[in-house]
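Here is the structure we will look at.
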2 protein chains.
Amino acid sequence: MNEVKSAELMVDQRINKDNILNQVRVFAPATVANMICGFDVLGFAVEAPGDEVTMTKVKQLGVRITSIKGDDGRLPLDPEQNTVSACAMKVLEDLGLAEEFGVEIELVKHMPIGSGLGSSSASTVAGVFAVNALLGNPLTKEELLPYCIEGEKLACGHGHADNVAPALMGGITLIRSYEPLDIVPLPVPAGMYAGIVFPHVDVPTRDARQLIKERVPLKDAVVQWGNVAGLVAGLYQNDFALIGRSMQDVIIEPVRAILIPQFAEMKAIAMSYGALSFGISGSGPSVVAITQSEAVAKTITIAIKNHLDKQEIDCNTYVSAVNTEGPRLLD
Amino acid sequence: MNEVKSAELMVDQRINKDNILNQVRVFAPATVANMICGFDVLGFAVEAPGDEVTMTKVKQLGVRITSIKGDDGRLPLDPEQNTVSACAMKVLEDLGLAEEFGVEIELVKHMPIGSGLGSSSASTVAGVFAVNALLGNPLTKEELLPYCIEGEKLACGHGHADNVAPALMGGITLIRSYEPLDIVPLPVPAGMYAGIVFPHVDVPTRDARQLIKERVPLKDAVVQWGNVAGLVAGLYQNDFALIGRSMQDVIIEPVRAILIPQFAEMKAIAMSYGALSFGISGSGPSVVAITQSEAVAKTITIAIKNHLDKQEIDCNTYVSAVNTEGPRLLD
């Protein structure tokens, strides 16, 4: 966590110790990284699922995880290993408050781990947003983002921002550059919905990344950046036809789709029911249909679930508009 | 020229033979392909330089080039080899008029050949626009574009559209896809200027393309499509800072810049005088500074010319706003 620069800029003056709360409860959303054609640079947040963090100020110094629910025992309770506690601790330290009090964290995972829906990001963002809220919001979202990226590094072994940026900022985000960090919020067309299916097959993020080749044909890269440009133009123009034509991934999907049973069949179903586009969410195995209405997204997720049932593959389905808010306080 | 589909869609009904003119004179603009970060997908038209075509209806069937000025004898007069006449002939044939009359073409090149400024495209577009104007404009610009792409294939050996599309449509254009052809006009921020320098060094388009590797590192491609997305967002948001940050080419420029003497020095001069971005126009050797004002573009081209003078390299310089009109009738 050393790469996060301390938020020195007179942050002391932004902290009013009388405003520090005793407890906050925060929801942070799942995210669809890559947005099909924008590998590592695009992502959007959804309304549900997501994770929930309850953070309580306590006298005992340090950050502790007191409980994790919904993870089937897969996440570490060690505060230095768990991204939620590690990031919260780093914020407290940078703000010079680590010697004044501690915090206890309860994490409730309302979403599957290893699903390609930004599970670790949702937890990290919930934790970072929670500690900032607990302190009376001394830091802006832009200032919180580097902590979340460091959290991703801890959780996944790489500091990508295509889940944490949309989870924290809400909406559709472009990560134009990492050095320096340059996040561009993109417009969200009214009526855009995501129909998400998480088939219960195991595709760990690290494996999914390793399949991808280090070099790609330039001609494919040209197609991809033409599509990324078309998607961004379509978002600004509210042009769903252009959005649909542009959301095609000729580089990552052909490799990763092999890991996802029934991918081609699910795609055919989605397109036959009117999806604008269909592809892999993040590194999978979740898949996402982008639609122009909630009804179409629902129809597609039901049709895909029916198909997977016949193949004896369990799945979760989610239908959601783009979440333009990002994390929020509960209660 | 076989791949252009005949414009069958009741085009007969759009031709009023009483409206066919005897002569038209057309200007079509030079273009900056790639727009620095968008290799093969982006391009924009400038106000000047450009090429001029005078087209005259004559009784003798067929299309003839009667004169070419400004090409130093480098362009073919053979009507099947010259892109202007070949494209005009194809339009006449597809419209069923090739057996009714012929045309004679005078081409005046007001711009250097092999400069990286879309010289052949300007001529092709002028010719195709001229024959359509002569006929009373039976075809839309979208219908004319495939003829221009075929013309590029004849002139350059490849049917790219990143010069002909902006030369014909005007403004900044995205070629999202070739199959099917999908051209997206992008907004032109008010006040955007190009300062162009054409150093008199020989870099044939074919050689410049051959230098480029067939496979590129995925991590560079990701940077590139992040930049393309940032540029498109910046154009829509009229955000010159974002436009400048985004117009960086990490894939093509490092290879092609080697062919252009003094490239690094010219770039340093441009950036020191306030360019938003600086890079190669098309396949070079012309270079382009993108600026937020005419004055800055002028200052940069003068400073670069002074520098090249000291190196005993001749050059042409051009300062231009983005040309939003494309080709136009003269007189």
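A Cβ is built for glycine as well, from the same backbone N, Cα and C atoms used for every other residue.
What TrEMBL says about a protein is an automatic prediction, not a curated fact.
Feature annotations, courtesy of TrEMBL:
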DOMAIN    A:82-171  domain 'GHMP kinase N-terminal'
BINDING   A:Pro112, A:Ile113, A:Gly114, A:Ser115, A:Gly116, A:Leu117, A:Gly118, A:Ser119, A:Ser120, A:Ser121, A:Ala122  ATP binding site
DOMAIN    A:232-305  domain 'GHMP kinase C-terminal'
Mind looking up the mean pLDDT for the domain 'GHMP kinase N-terminal' (A:82-171) in the predicted model?
92
Among all chains shown, work out which of the binding-site residues A:Gly114, A:Gly116, A:Gly118 has the most CB atoms within 10 A of its CB.
A:Gly118
Determine which residues of the same chain, besides A:Pro112, A:Ile113, A:Gly114, A:Ser115, A:Gly116, A:Leu117, A:Gly118, A:Ser119, A:Ser120, A:Ser121, A:Ala122, have their CB within 8 A of the center of the CB atoms at the recorded ATP site, and list them by sequence.
A:Ala30, A:Met111, A:Asn163, A:Gly282
Pull the DSSP breakdown for the domain 'GHMP kinase N-terminal' (A:82-171) and write it out as helix, strand, coil residue counts.
50 helix, 8 strand, 32 coil
Quick check on the binding-site residues A:Pro112, A:Ser120, A:Ala122: which one has the highest count of other Cβ atoms within 10 Å of its Cβ?
A:Ala122
Could you count the residues of the domain 'GHMP kinase C-terminal' (A:232-305) that DSSP puts in helix, in strand and in coil?
42 helix, 9 strand, 23 coil
